[in-house]
Amino acid sequence: MFVTFPEPVIPERIRLGKPLVVAVDGPSGSGKSSVSKAVARRLGLAFLDTGAMYRAVTWHCLNGRINLENAAAVEAAARTLDIEQNLTPDGEFVRVNGINVTEAIRRPEISQAVSAVATNLGARRELVRRQQEIIDKCHSRIVVEGRDITTVVAPLAEARLILTASEDARMRRRGLQLGSTQTRAQLHEQVVGRDAKDATVVDFQRAADGVYTVDSSDLDFAETVDAVVNVVRLSVNEGPAA
Ligand SMILES: Nc1ncnc2c1ncn2[C@@H]1O[C@H](COP(=O)(O)OP(=O)(O)O)[C@@H](O)[C@H]1O
Ligand SMILES: Nc1ccn([C@H]2C[C@H](O)[C@@H](COP(=O)(O)OP(=O)(O)O)O2)c(=O)n1
């Protein structure tokens, strides 16, 4: 469902300190991470980038020469790895077994390899378990973004939405984000190609029942943040969309 929005107002439930999980899914380059961070900042909520966890496991496997095609070894890595990450929208960091990998996990070679971890069902089970534990630790006052948050990690979240944008907009944004270093073919592979692989295990393109859709193709960043804050407001004031 698509919604149009009045000026956003901070929901009363946030002022009252009640649980508020905001679940955000969507394809690569749709703005999940940057928009979710801004929403968490605006609403005073914690923030979890679940994609960073898949990237952290991928970094560890590549760094430790663990064959990404060896499903059992990748699952074992996901189970044993110590992953630390900031749970606030500011000052991003990710550490794997104490090593700072904040920058390294964003490199194109990780983006190219990460689907091997994302499509490993054992690794997914373990990362979903960890994500649910983090939500509990944050007293369920958190914005969580990824691919399966609205459906698997937090299907009972107070606000659930898919953030999407056209392929063109997503490739353009990712290109700018990477400092215009990538060709159009490389961007196509990293954005559209990777989504196609990941979509074999999770459906993040279609909104499940009760999940809003925000299409940011024709919205600028600030308008997109406003739109998401309004979905949160509509969700908590009026319950999930029919
Ligand atoms: N509505 C928007 N308009 C323009 N640029 C945007 C918008 N939303 C996000 N961006 C930019 O697009 C880039 C990709 O966003 P990101 O949050 O990394 O996406 P994702 O986490 O979905 O892969 C970032 O540089 C971000 O600032
Ligand atoms: N909850 C999640 C989060 C990410 N993933 C997968 C999908 C992606 O290929 C990788 C990396 O996710 P990330 O959100 O960092 O990727 P983008 O920045 O959107 O391109 O992990 C997933 O399968 N489930």
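Each residue, glycine too, has its Cβ placed from N, Cα and C.
What TrEMBL says about this one:
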BINDING   Gly26, Pro27, Ser28, Gly29, Ser30, Gly31, Lys32, Ser33, Ser34  ATP binding site
DOMAIN    22-233  domain 'Cytidylate kinase'
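Location within the structure of each feature annotated in TrEMBL.
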{"residue": "Gly26", "record": "ATP binding site", "Cβ contacts under 8 Å, 6 or more apart": "Lys32, Glu145, Arg147, Ile162, Leu163, Thr164, Phe204"}
{"residue": "Ser28", "record": "ATP binding site", "Cβ contacts under 8 Å, 6 or more apart": "Arg170, Arg174, Gln190, Val191, Arg194, Asp195"}
{"residue": "Ser30", "record": "ATP binding site", "Cβ contacts under 8 Å, 6 or more apart": "Leu163, Thr164, Ala165, Arg170, Ser216"}
{"residue": "Ser34", "record": "ATP binding site", "Cβ contacts under 8 Å, 6 or more apart": "Phe221"}
Q) Listed binding-site residues: Ser28, Ser30, Ser34. Which have a CB under 6 angstroms from an atom of ligand 2? A) Ser28
Q: Tell me the Cβ neighbour count for Lys32 (ATP binding site), meaning other Cβ atoms within 10 Å of its Cβ, over all protein chains shown.
A: 27
Q: Other than Gly26, Pro27, Ser28, Gly29, Ser30, Gly31, Lys32, Ser33, Ser34, which residues of the same chain sit close to ATP? List them in sequence order, counting a residue when its Cβ is within 8 Å of the Cβ centroid of the site.
A: Val35, Glu145, Leu163, Ala165, Arg170
